[in-house]
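*Asks:* Found this in TrEMBL, in case it helps:
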- A:92-298: domain 'ABC transmembrane type-1' (DOMAIN)
- A:33-62: transmembrane segment (TRANSMEM)
- A:98-119: transmembrane segment (TRANSMEM)
- A:126-148: transmembrane segment (TRANSMEM)
- A:178-198: transmembrane segment (TRANSMEM)
- A:233-255: transmembrane segment (TRANSMEM)
- A:275-299: transmembrane segment (TRANSMEM)
Amino acid sequence: MKQSSLREHKRLEEGALLRVRMNNRWTLYDPRLAWMLVAPVLLLLIFFLVLPIAVMAAYTFFTFVTAGVETSALTAANWQEFFTDSYYSGFLLKTLRVGAITALLCGVLGYFPAYFIWATSFRHKWLLLLLLIVPFWISFTIRTFSWINILGEQGVINVALLRMGIISEPLPMLYNEGAVILGLLHFLLPYMILNVYVSLEGIDRTLIAAARSMGCTSAQAFREVTLPLSLPGLAAGLLLCFVLAAGSYVTPQLLGSGRDALFGNLIYDTIMGELNWPMGATLSIVLFLVLGFFAAIYTRYMGMSQIVKGLGG
Amino acid sequence: MTKAARRKEEGRWAWRLTGFVTLCVYIFMFAPIVATVILSFNASMFGGFPMTGFSLQWYAKLMNNDAVLTAFRTSLWIALVTAAVTTAIGVVTAFALVRFEFRGKQALSTLVILPALVPETILGVGLLVLIKAVDQPRTMLLLVLGHILLAVPYVVLIAQARMVGIRRVYEEAALSLGASRFSSFREITLPLLIPAVVGGALLAFTISFDNTSASLFWRPAGVETMPTQILSMLKISISPEINALGTVMILVTVGIPLIGGLILQSLTKLKRRGEPKEEVR
C-alpha cells in the first residue's frame, strides 16, 4: 500500500515537471539555460583572461621601435634576446630558486601547525583556525611592510639587541634575499597550513586507530598512515606557494634591494619603466609557461580537486 | 626503561615539538602586525622603536591627509561594487555548474579557477596589452572589471561547495507546485545559500580592497587605491603615519568579516529551529 502511494506521488510529480517543461518548451535542466547563467562569468573570463593572454602571445613577435612604440612587423628578436641574454635567464633561475626555497620552508614549517590543529584535543580549535584566516583579511601590503618594524634599523630586534649591549651597530637584516623569503613565507604559510589541514581532515581516523591496534607506535602510524594520506594536501600547498612566490611583485619591492628583484619586478619595469611592450609580453608569457608547466605536472599526478579544496571550496 | 615506555616518551616529545613549532609559527604570523599596531601610538617622530610615549597624533595627521582619504574612498567604492557584482554572477555560475549538465562544463570549472592561479603580474600585463592593441585608455570600469575577475574564482568555489550540499528536491518541489524558475531560485535556493553568499561577498570585498600588483597596472592615470597609495608612501620612508594607516586598515578589514561572521552565526542559530534536517547527499 505504501509502495503504491509512493508510486502515485512520483507519477504526480513527474506530471508537474512535465507541465513546467511544456509551458516553457524548455526541459528542466536545459543546457541553454545553463549557458545563460554562466554567460556573465564566461564573457569576463574570455575578455579579461583568455583574450589578453592570446594577444600577449602575439605581441611577443612584434617589433620594438622605441619606448612605447612598436610595430606589428613580425620578428623573433624578442625571443632571441630572451634566450641569448643571460640577464633574463639569470632572473628566471633566481625567481625559481626563491620560489622553491619558499615553498619548501612553507612545507616544513606549515606541516607542524596543520598537524597540531588537526590532532589537538583543545576545545577551541576553531580559534586556531580563525587565527589562520585572519591574515588573509589583512592587507598584503601592510603585512609585508610590517616586517620593516621587526627587521629594520629601528625594528624590534635591532633596538632590543642594542639596548642589551649585544651589538653596537644595527644589523643589516632588511633589503636582502633572506628578508624577501621571510616576507613570502609570512604571506604563504596560511595557504600551506590550510591545505595540509584540509587533507588531514579528510583522513578516516579509524585507519590510524587500526594501525595502532596492530602494534604500530605512534611514530610508525604517522609515517605509514597519516603522512602518506596527507601528501596530496602538502603537494597542493607546495605548488600554490611556489607559484605565488615566483609570481610575487610587492614583497621583493618592499623588503629586497634592487639585486633581489624577481621576475615579476622585471616584467613591471620592462613595461612601466622602459615601455618595451613586446619584451614585457615575452617575459610574461615565459613566466606563464614556466609556472603552467609546474602546474601541469602537478595536475598530471594529483588532479585539480585538491587545489580547489585548498582555495576555499 | 622498557622499549614501550621509551617509545611513549619519544611520542610525547614529538608532540611537544609540534606544539612548540606551532606556537612559533603563530608568533611569526602576528608579531609584525602587533609591532605595527603598537608603533602607531608612538609619540616619536620616526617610525620605529623605541617607544617614547603614547600619542594619537599620527591618527589626527592621517585624518587630514587628503591623498589617503581619497584613496580610501576610491578603494571602498571599487571593493563594494566588486563584492556586489562578483557575488551575483559568481553564485549564478556556481548554481549552473552544480545543477546543470552541459558540454564544456569541466573546461569551464577549470577556467574559472585560473584567475586565482595565474600570477597577477601576468594578468595585469595581459589586460594592458589587450587594451593597448585596441587603443583604449585605462578606465575605472576596467579596474573594477579586473578586480571582479580576480575575485570570481573564490566566490564560485565557496558557492559551489555550499550548493552541492543543498538537495535539488527542494527547488523541484517548488517548481512542481507552480513556482517559476526565478522565484524558486529566489525563495528556496538563495536563502539556503546565504552563508556562501555572505562569505563570498566578504571575501570579494577584501580581495578587491587589498589588491596591489594588478591595480598598479590597471589603475587609470592619477588614481590611487589604498594599497598603491601605501606603496607610494613607503617609497619615501616608513613613518608613524603609515603605521597608523596600517592599523586603521587592519581594523576595517578584520572587523568587517568578524562582525559579519558573528551576525551570520546568530542568524543561523535563530533559524535552526523548525528547519528540516538537511541530508548530505
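Glycine is no exception: its Cβ is also placed from the backbone N, Cα and C atoms.
TrEMBL entries are annotated by machine, without manual review.
Set these features in their place in the structure for me.
*Replies:* If you look at the transmembrane segment (A:33-62), the same-chain residues 6 or more away from its ends with a CB under 8 A from one of its CBs are 26, 70-76, 78-79, 277-278, 281-282, 284-285, 288.
Beyond the ends of the transmembrane segment (A:98-119), by six or more residues, the same chain brings 125, 128-129, 132, 177, 180-181, 184-185, 188-189, 191-197, 200-201, 226, 230, 233-234, 237-239, 241-243, 245-246, 262 to within a C-beta distance below 8 angstroms of the stretch.
Outside the transmembrane segment (A:233-255) by six or more residues, the chain places 95-96, 98-100, 102-104, 106-107, 110-111, 114, 140-141, 144-145, 147-148, 174-175, 179-180, 182-184, 187-188, 191-193, 195-200, 261-265, 268, 287, 290-291, 294-295, 298, 301-302, 306-307, 309-310 with a CB less than 8 A from a CB of the stretch.
Away from its own ends, the transmembrane segment (A:275-299) comes close to residues 53, 56-57, 59-64, 67-68, 70, 78-79, 81-82, 88, 92, 95-96, 235-236, 239, 242-243, 246-247, 263-264, 266-267, 307 of its chain (Cβ-Cβ under 8 Å, at least six residues beyond either end).
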*Asks:* May I ask for the residues of the chain that lie six or more residues beyond the transmembrane segment (A:178-198) and have a Cβ under 8 Å from a Cβ within it?
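*Replies:* Residues 98, 101-103, 105-107, 109-111, 113-115, 117-118, 129, 132-133, 135-136, 140, 143-144, 147, 151, 230, 233-234, 236-238, 240-241, 244-245, 248, 251-252, 254-256, 260, 262, 306, 309-310.
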*Asks:* By Cβ distance under 8 Å, which residues at least 6 away from the ends of the transmembrane segment (A:126-148) in the same chain are close to it?
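*Replies:* Beyond its ends, the transmembrane segment (A:126-148) has Cβ neighbours at 113, 116-117, 120, 155, 174, 179, 182-183, 186-187, 190, 193-194, 197, 250-251, 254-255.
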